[in-house]
């Protein structure tokens with residue numbers, strides 16, 4: 001009863017609990033939070049000492065790779081699922097409170113969390129309990145590609161096939177939907193983080209220089225591309241020379257990064273090809289006619305749509321504001337739950 | 001049942017500031033880049049016919065707006081131009097310009113039972129109302145504890161009724177709330193109130209309970225409170241005080257009716273007919289015109305009532321005078 005009353009004082013939210021970023025969509029307000037899924041934990045008095053949260057989100061991300069011994073900046077999510085249960089719960093608690101900052105009472109909203117379709121029952125339960133532990137009154141789970149499709153605005157309720165490729169930080173999800181249901185879905189553990197790792201490995205292998213996570217991400221954002229472009233772009237970065245042990249500056253160009261990204265990109269293309277092979281022919285022809293919709297932060301990698309178009313031979317469109325599609329889709333579903341109940345979609 | 005007069009030719013209604021349609025802009029850019037229609041279609045792996053439809057602004061032959069926006073972006077990239085002018089022209093042609101403007105997909109027909117009256121309140125107001133209600137409950141509870149059993153003896157004395165009638169007192173008093181409001185300005189309770197009343201009485205039209213409540217004080221208030229809706233009476237009283245009013249058109253017109261709506265301004269609408277079917281729902285842009293056909297009585301909810309011209313069976317309905325302070329209006333047309 002008390003939680004219901006408190007619930008009236010909270011706004012329902014949809015959470016895209018991603019490996020790289022967590023986004024929160026609040027009903028009636030839109031995207032209210034977009035922060036890295038990073039928590040900095042302080043542990044004083046050595047191992048086994050009391051642990052406390054030092055920073056969460058943007059502040060914690062700045063600490064990655066720059067922390068003293070008693071602070072550890074960690075990403076509690078890995079490959080789209082929870083790797084560290086307690087820290088995820090703390091992070092969610094922090095984010096839920098942050099978006100309800102002006103409230104007198106502890107917020108107790110209904111929460112819809114989007115999960116990768118490859119998540120196991122154990123992983124789903126961990127996410128559900130983590131959200132409940134963070135103060136949610138009621139937790140709905142929804143598969144990410146469905147949320148991404150609804151968020152991008154494509155009509156999933158019609159008897160027509162729509163294919164969505166959602167490239168997140170830890171996983172890429174490809175799904176074919178029709179009549180509010182998922183006909184085929186697959187999840188590969190390749191995402192934005194894999195691109196960063198590939199760049200780090202390439203630089204170490206070819207230059208003998210070690211670069212950090214943040215530098216690899218910056219390289220990807222600035223000159224990363226998935227298809228050979230007309231112009232060659234360059235970037236100057238600094239890293240530690242493994243042989244000499246001192247920091248060195250060096251220049252990378254976009255063709256090198258394209259080469260570095262070949263392996264993860266190939267993984268994504270294969271997943272899409274497999275999806276097209278597995279799709280029933282009628283739905284496949286709908287997809288071939290209208291195209292694949294690209295969502296998620298990975299869709300922002302330059303010319304990824306071009307690569308997929310050339311590899312599959314069907315149109316590929318990038319959704320509007322691809323980074324927030326999943327969270328926005330979750331928000332729309334929350335509104336639909338109020339109107340139509342939970343029967344119309346496969347919610348858990 | 002609902003027919004939609006969508007104006008498919010955007011050339012005639014381009015707003016100020018945009019001097020070309022998306023198709024024309026695209027064709028000009030393509031020709032300037034010296035690229036043939038086939039070459040561009042090949043590059044984007046689109047059918048030539050699709051690209052042709054895009055260039056000729058035949059949006060009816062194209063997939064849904066999110067796809068079209070994606071095609072326009074792809075074309076802009078292939079032609080090495082900024083996508084924004086194309087998207088802006090697309091927006092100006094009356095199509096949804098971004099994710100925020102689109103409606104949530106697939107309303108499941110005939111299942112809208114949400115308490116619309118409550119949702120019209122802003123969350124802040126609702127919260128204040130809830131706080132007030134809780135506070136009032138606490139005060140009432142404390143008062144009854146402090147005064148103790150004295151009230152039990154006072155109550156019959158003030159009403160002057162016998163012990164037998166005492167048991168009927170509670171429903172009779174609560175029933176007077178909707179009853180006394182209804183006849184003064186002919187405003188029965190909100191939709192959820194009627195729906196629950198009708199549901200209990202059998203498969204009646206929503207107006208069944210509304211008219212019952214309106215007649216009640218004139219004839220026998222005790223009777224309607226006790227036999228027909230005794231259980232619902234206390235529940236009905238609450239939304240009647242918090243939610244908005246609903247007006248009815250006096251004219252009786254059973255069977256199918258025709259409505260014409262001309263939108264001078266953007267307006268959110270929900271039009272539901274007697275079968276509970278949504279004839280029109282969602283945000284309608286200024287300049288659109290819709291003709292609807294449905295079974296009377298028709299429930300109308302307008303988000304921006306003064307911006308809509310409404311004709312019901314050929315007769316003009318004054319929407320502006322029905323608008324509340326927040327420009328919304330809720331009324332029923334063609335009730336018997």
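Along the chain as shown, residues are numbered 1 onward.
Note that Cβ sites are derived from N, Cα and C of the backbone, with glycine treated the same way.
The shown structure was predicted, so the numbers you read here are calculated from the model rather than taken from an experiment.
Residues annotated as ATP binding site in TrEMBL: A:19, A:20, A:21, A:169, A:170, A:171, A:217, A:218, A:219, A:220, A:297, A:298, A:299, A:300. Cβ environment of residue A:170 (ATP binding site): A:18, A:19, A:20, A:77, A:78, A:79, A:80, A:81, A:189, A:191, A:192, A:193, A:194 lie under 8 Å away, each six or more residues apart in the same chain. Following the DSSP three-state reduction, the secondary structure of residue A:170 (ATP binding site) is coil.
Within 10 Å of the C-beta atom of residue A:297 (ATP binding site) sit 19 other C-beta atoms, taking all shown protein chains into account. Residue pairs drawn from A:19, A:20, A:21, A:169, A:170, A:171, A:217, A:218, A:219, A:220, A:297, A:298, A:299, A:300, the listed ATP binders, are separated by up to 20 Å at the Cα level. Secondary structure at residue A:299 (ATP binding site), taken from DSSP and collapsed to helix, strand or coil, is helix. Residue A:19 (ATP binding site) is surrounded by 24 other CB atoms, counting those within 10 A of its CB over all protein chains shown.
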